[in-house]
Amino acid sequence: MDHAAQTHDGYPEDAGARASHRPLSDVDRSKVHPFVRATAEWTWRVVLILFGCYLLMRIFLEFEQVLVPVALAILVSAFLVPGVDWLDRRRVPRSLAVVIMLLLALGVVATVLTFVGRAFVHGFPALTAEITETIDRTRQWLVDGPLGVDESQVRNFGSNIISLMEHNQAKLAGGALATATTATELVTGALLTLFLAIFFLYGGGQIWEFCCRLVPRRTRGRVAAAGVAGFGTLVGYVRATVIVALVDAVCIGIGLAILRVPLALPLATVIFLFSFIPIVGALISGSLAVVIALVTQGWLTAVIVLAILIGVMQLEGHVLQPFLLGRSVRLHPVAVILAIAAGIVAAGIVGGLFAVPVIAFANTAVRYLSGHRDLAVSEGDGSFHYAQPDEPHWDTKSIDDATASAGLSVEEALGVSPADAEADVERGLDGSARRPRHDSHTRPDADEQRGSEDEASGTDSDERP
């Protein structure tokens, strides 16, 4: 016989009291709207991801003097590795190929710095004289012009500036000492970058294979292949960025030279360096050229320089970036702007420089790990197909070994098969989007390897997860 639940004083317990004794989770989940529950679940995941990114950023800032040279060495390797692999495929010893490419790069940098230094030394006195003359003209215009400023006020303004500099002499001296310390850190960082670039170019594959050993064996092959795909995107990004920066510097530099703006070559060099920060770099550095043109040549020349800058920015935004940068980095311009802004806020110019490469690498690697198989590799003619970068011949033997450990062929890991290549040709492609080369490394077929592993373990292949 079914008896109703009773309280301690003998009265029957009502339904509400019995419901209150049920597990709290059952009651809550039945009353919470699915949208609210899903929002809460996604919120704590997003918060956890943002907290992890914050911790990584704090670690980066704590070890900035070490990690920045490492990141620069990776970018240098991404720029030089196609040349090293080109020499390696022509039976040049890889160590000699690394030395040749580094010497060529250092030679180009030294030549540019020599010309820039000479131009700066010869042009700086003229620039100083023109700035002084401009200040005198401005002072005279303030007195005799429509503003009618009293001459004593102008003189007092100049005296106040001199007094301010004298009172802050100690701070200026401290700034000079900090500049000397920064120069020492720059030299040390440059040497560390060069040292790391040598090892990345010569044995980057072994280093990546060692890093992949930190992940479980079952996913090691996919992680290794995702790293290769991400590095391929990095190669395409660095090459496209160098081309865009070179076009910006040459076009603006020619315009400054024609207009006889002082320090045209140093300004072009600054524009080239700042152009490695997409979209905003050339604009910021070009503004410096506009200011110098205004101070030395007058407002008409400054307006012409501004028009040249706007024209180059239009060329970069509507032609160069969509054709080169947009094809090697699958990122929306809004994402690029937000990444650069976040990088600059978090780590200054260094953060703005590395923001887009990090996002590009992570985007490709995560897309691959998420199951996207459209990361086909293009090589041969230097063009891009399906917005894919070139596949770097980056010590592929170690990558073969890493993928083999997971029972995957390189074609399976990268998502490229002979059938896909034939289908591309049938769709009317020019045939340059073909499989990555691994001619110099032979490896047993993946199915045979799985079969041998099954025989050794005594399990059937259909029972494999």
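Counting starts with 1 at the first residue shown.
Heads up, the Cβ atoms here are built off N, Cα and C, so glycines get one too.
Where the annotation comes from TrEMBL, it is an automatic prediction and has not been curated.
Database features (TrEMBL):
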type     : residues : note
REGION   : 1-22     : region 'Disordered'
TRANSMEM : 42-60    : transmembrane segment
TRANSMEM : 66-84    : transmembrane segment
TRANSMEM : 96-117   : transmembrane segment
TRANSMEM : 186-204  : transmembrane segment
TRANSMEM : 225-258  : transmembrane segment
TRANSMEM : 264-284  : transmembrane segment
TRANSMEM : 291-315  : transmembrane segment
TRANSMEM : 335-362  : transmembrane segment
REGION   : 411-465  : region 'Disordered'
COMPBIAS : 424-453  : compositional bias 'Basic and acidic residues'
Of the listed stretches 96-117, 225-258, 291-315, 335-362, which one has the most C-beta pairs under 8 A with the transmembrane segment (264-284)?
225-258
With an 8 Å cut-off on Cβ pairs and a sequence gap of 6 or more, do the transmembrane segment (66-84) and the transmembrane segment (186-204) reach 3 or more such pairs?
yes
In the same chain, who gets a Cβ under 8 Å from the transmembrane segment (42-60) while lying at least 6 residues past its ends?
67, 346-347
Top partner of the transmembrane segment (291-315) among 96-117, 186-204, 225-258, 335-362 - counted as Cβ pairs under 8 Å:
225-258
